[in-house]
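S.K.: Just passing along the structure, written as structure tokens.
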């Protein structure tokens with residue numbers, strides 16, 4: 001059995017706190033030793049990716065202590081318990097099985113006589129079969145015509161992940177001949193969100209995917225009816241235009257209002273559901289089931305490296321440990337995720353949910369208050385755009401923000417020109433290399449307004465190209481990083497009780513039951 | 001003359017630090033007194049908007065001290081100096097005239113014999129005339145056909161602001177019959193960005209706007225050539241498909257490569273340039289010059305309220321002061337901007353630049369280090385989407401993030417249904433009201449995992465509808481808030497030296513002049 005202990009109960013954490021002489025980046029990153037450091041401080045990731053942490057404020061001594069911390073916190077054993085189906089989500093008394101969706105890491109997990117891996121594969125096959133029939137024109141609209149657009153109706157984990165991956169692969173798919181159908185997303189209860197999407201598509205040829213695990217999400221059920229009303233206004237039958245992704249126990253599962261339903265279950269948290277039917281349906285329809293299978297293969301490969309006990313062969317664990325060092329020793333409150341790839345424009349928004357909703361907690365897994373900082377605030381935009389926006393504060397502001405860069409050697413669309421002696425892709429890459437060094441080493445200047453202190457830590461994930469496999473591996477890297485950090489902070493990363501109160505109060509407002517300040521705000525807003 | 005003094009040199013700041021008994025939100029927001037507080041703690045903004053700060057951790061005593069601080073810091077006088085054309089941007093020895101673009105707040109500002117207000121109006125008229133001719137088919141492509149799409153090529157301030165406003169008004173324009181042309185944006189030097197846009201449009205009917213004040217921005221010039229190559233590949237003449245927005249002294253101003261050029265000048269910072277030709281050209285083409293004029297009118301109205309010495313009649317100043325209280329007394333490092341309006345989806349990204357690039361500084365306007373925290377990290381996503389993403393951390397995490405909500409009584413598209421007893425717009429509004437109260441008051445629970453501490457401060461801006469005028473007023477509110485905060489922190493909010501080092505190092509990489517760590521990163525990235 002593993003021991004679930006708070007971070008500040010671990011000897012290695014106190015050893016970490018006791019370490020003196022913090023690493024000075026502008027010293028260690030200088031000259032030839034800096035070059036050697038960049039070559040040495042990197043570990044291989046799945047799918048040919050590399051995690052380079054040379055510009056982090058660590059040295060061999062810090063790393064050795066982090067390695068001790070990993071062992072003392074039993075990170076590997078806890079991951080084992082998780083993928084072997086223990087009740088890791090204690091608050092909701094649930095297993096945490098999103099890894100099982102994309103591969104068999106450990107033992108069979110059977111619940112009520114059902115082998116869960118078999119169940120997930122069955123759903124994948126069902127989706128693949130459905131998608132192929134839609135693409136082949138065997139499943140059509142009432143008029144026997146092909147569906148040309150697929151629209152996901154979902155919010156939070158049913159929106160951010162699938163949307164980020166769709167945007168991430170759309171142009172790769174177009175370039176490689178894997179693009180099958182355009183995808184759109186309706187998420188917000190703001191009626192303008194649904195209106196805009198509905199006005200931009202040909203409803204008669206649109207297939208809608210209703211995604212709600214519980215079948216009770218206010219926004220999603222509202223948008224379902226909103227969309228059905230719009231379909232009816234076209235004189236069409238909503239039941240011929242909609243599929244459901246839900247759990248077998250949800251009210252939606254029993255409905256006859258859908259062409260068919262694909263299932264997930266309570267062991268897949270919303271923010272970890274891209275690899276389940278939640279991402280599977282829309283991505284298989286947009287790009288074909290083979291592309292989605294490749295995406296899952298990339299995730300599975302990353303999960304496999306996360307099993308390694310050696311932190312230098314486990315980039316997710318190493319990344320997690322360095323993040324805890326930055327959060328709890330260097331006292332940093334924010335982390336920026338900065339992909340140098342326009343296709344990853346919404347990836348930071350997905351990580352924002354995955355990370356902040358998982359580890360933004362103040363009590364440990366036993367419901368006791370913790371006396372240290374947990375999950376940081378996450379934000380980010382693609383580079384080089386961010387350079388012309390918020391990088392000023394990152395370079396010269398009074399808050400130190402650790403940075404997580406991502407870069408690729410090649411672009412996706414394969415369209416590039418040599419302009420002033422270099423291609424756009426070379427310029428993009430030169431910029432990310434330059435930023436890492438600028439953030440770490442800074443620059444002296446007599447004019448303090450032009451001086452750069454440096455000492456801004458960063459890491460970079462580098463790959464050849466953003467593809468289904470590499471994108472899958474990167475996403476799983478971050479999912480596993482968040483998991484390991486949750487283990488270190490001893491929080492339950494898989495519940496989200498913090499979203500409940502707002503829901504209850506909003507229902508009160510709509511039921512006319514608000515009073516005091518809530519009534520005054522309702523009046524102000526003209527409800 | 002005003003006295004430019006550091007925040008910690010001001011008596012009122014020390015008085016603020018000395019105040020005891022911090023406001024406890026769950027006490028003051030309770031019951032009837034909470035209702036009264038919501039009704040009392042709000043000030044009118046321009047264009048019928050309201051700034052409500054009832055859920056901020058202030059009381060009459062704190063507010064009185066903030067009022068003293070405003071007077072001692074001479075915020076009104078400094079703003080006067082700014083709009084009267086003093087050299088407020090000391091680092092670059094420049095005036096700061098973005099307010100003058102949208103109205104005459106003070107004295108005439110003449111530079112080298114040119115009345116700058118007249119110059120800006122002249123450019124607006126030139127743009128209006130051009131846009132009308134494009135819409136009327138008097139300015140056409142080579143084949144004499146109408147342009148149907150307009151594409152902005154620009155980065156940072158030439159991209160984020162215009163894009164946020166375009167997205168903010170697109171559906172309003174479609175609903176009200178003001179939609180003239182679809183707009184697209186190319187910003188990133190990642191070649192996939194331009195490739196995607198070029199593949200999505202009909203180049204023969206596209207008009208491109210090249211935006212670079214200096215005429216030297218690497219990304220923009222690269223994308224200019226990239227686009228021109230694509231135009232040539234279609235057998236078309238790039239000079240017939242492109243206009244320039246630049247300063248009269250830039251290399252672009254002299255070119256014959258453009259249909260025409262519209263000018264701005266060095267007194268308009270990039271992040272404050274939405275109201276100049278930078279936003280004017282694309283917004284006038286997309287929605288018509290009258291809509292852009294309304295947008296400017298909304299900004300001018302907000303600027304006018306910012307002149308008021310009374311903080312209770314100056315929402316931008318009040319917002320700025322409360323923000324400084326949160327940053328320097330309550331020690332908060334991050335602010336979230338949360339519009340409950342899907343149309344404002346990219347507004348937080350624009351504010352991220354406007355705020356973080358302006359006030360992310362460590363030296364005062366004289367180049368001396370400051371010994372207090374300056375600009376916070378800004379991030380945000382629209383609600384209710386954020387509720388299903390990062391709100392968990394905001395409610396129950398270990399970091400307190402002050403929140404800036406925005407909400408509207410009506411939606412834009414005018415398409416809404418009553419579902420389960422309420423419209424989507426009512427649900428949207430009920431959610432934002434509920435969140436404010438949930439964040440402020442929290443909820444007791446025996447199970448600490450379900451307990452909400454509350455004490456998370458927020459404010460809300462409320463309006464009837466997101467229109468050109470209200471969106472203009474909201475944007476100017478934030479621009480002016482940032483300006484007042486810069487005055488309080490005594491930083492130069494109008495330069496951005498922190499972006500220079502990365503540019504220099506990237507050029508070195510491309511010139512093959514990198515060594516040490518930079519060379520190692522370049523090799524890793526395959527440059």
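One-based numbering along the chain as shown.
Just so you know, glycine gets a Cβ as well, placed from its N, Cα and C.
TrEMBL annotations: computationally assigned, not manually curated.
Source: prediction; values computed, not measured.
OK, TrEMBL features for this one:
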type	residues	note
ACT_SITE	A:357	active site, proton donor
ACT_SITE	A:388	active site
ACT_SITE	A:503	active site
S.K.: Going by DSSP, give the three-state secondary structure for residue A:388 (active site).
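M.R.: It is helical.
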S.K.: Among A:388, A:503, the active-site residues in question, whose Cβ has the most other Cβ atoms within 10 Å in this structure?
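M.R.: Compared across A:388, A:503, the most Cβ atoms within 10 Å surround A:388.
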S.K.: Do you know offhand how many angstrom separate residue A:388 (active site) and the residue listed as 'active site, proton donor' by C-alpha?
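M.R.: Residue A:388 (active site) and the residue listed as 'active site, proton donor' have their Cα atoms 29 Å apart.
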S.K.: Fill in the CA-CA distance, residue A:503 (active site) to the residue listed as 'active site, proton donor', as an integer in Å.
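M.R.: Computed Cα spacing between residue A:503 (active site) and the residue listed as 'active site, proton donor' is 16 Å.
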S.K.: Where does residue A:357 (active site, proton donor) sit by DSSP, helix, strand or coil?
M.R.: helix
